Amino acid sequence: MALEIKDSNFEELLASGKPVVVDFWATWCGPCKKIAPDVEALAEEYKDQVIIGKCDVDDNDELTGKFGVRNIPTVLFIKDGEVKDKTVGAVTKAQLEEKKKALL
């Protein structure tokens, strides 16, 4: 299951040393709902290798602003504290998986 990523726990997740994948989303966002099952599936499949979580843009202004998220869904792929890649809009599970594999 994807973790709930918040302004308050993000730095702790980065400190784990694992790559982090963050899905910026909102409850009212149709495309976010479309990719949600794929994000959840990847979180389960790769839970031992990568931290995969979801960040509600309506509740986490600090993170949303820090990464300049203007459109959702935006998925960031972070390694060693740096954004290595991102997707914007509804993408397929295969696209998410390909970008996630590049972090390993």
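Think of each number as a place in line: the chain as shown, counted from 1.
Placed from the backbone N, Cα and C atoms, the Cβ positions cover glycine too.
What you are looking at is a predicted structure, and each value in this text was computed from that prediction instead of being measured.
For CYS29 (active site, nucleophile), the same-chain residues lying six or more positions away in sequence with a CB closer than 8 A to its CB are ILE72, PRO73. The active site, nucleophile feature in TrEMBL is assigned to CYS29 (among others).
Taken from TrEMBL, the feature active site, nucleophile covers CYS32 (among others). Here the Cβ of CYS32 (active site, nucleophile) has 22 other Cβ atoms within 10 Å, regardless of which shown protein chain they belong to. CYS32 (active site, nucleophile) falls within a helical segment according to DSSP.
The feature disulfide bond is assigned by TrEMBL to CYS29-CYS32.
DSSP states for the domain 'Thioredoxin' (1-104), grouped as helix (H, G, I), strand (E, B) and coil, give 36 helix, 27 strand, 41 coil. The domain 'Thioredoxin' feature in TrEMBL is assigned to 1-104.
Residues or ranges marked as site 'Deprotonates C-terminal active site Cys' in TrEMBL: ASP23.
Look at TrEMBL and you will find GLY30 (among others) tagged as site 'Contributes to redox potential value'. Counting every protein chain shown, the Cβ of GLY30 (site 'Contributes to redox potential value') has 9 other Cβ atoms within 10 Å.
In sequence order, ILE72, PRO73, GLY89, ALA90 constitute the residues six or more apart from PRO31 (site 'Contributes to redox potential value') in its chain with CB-CB distances below 8 Å. Marked as site 'Contributes to redox potential value' by TrEMBL: PRO31 (among others).
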Problem - Integer Å distance between the CA atoms belonging to CYS32 (active site, nucleophile) and ASP23 (site 'Deprotonates C-terminal active site Cys') - result: 9
Practice task
Count the Cβ atoms, other than its own, that fall within 10 Å of the Cβ of ASP23 (site 'Deprotonates C-terminal active site Cys'), considering every protein chain shown.
Solution key: 26
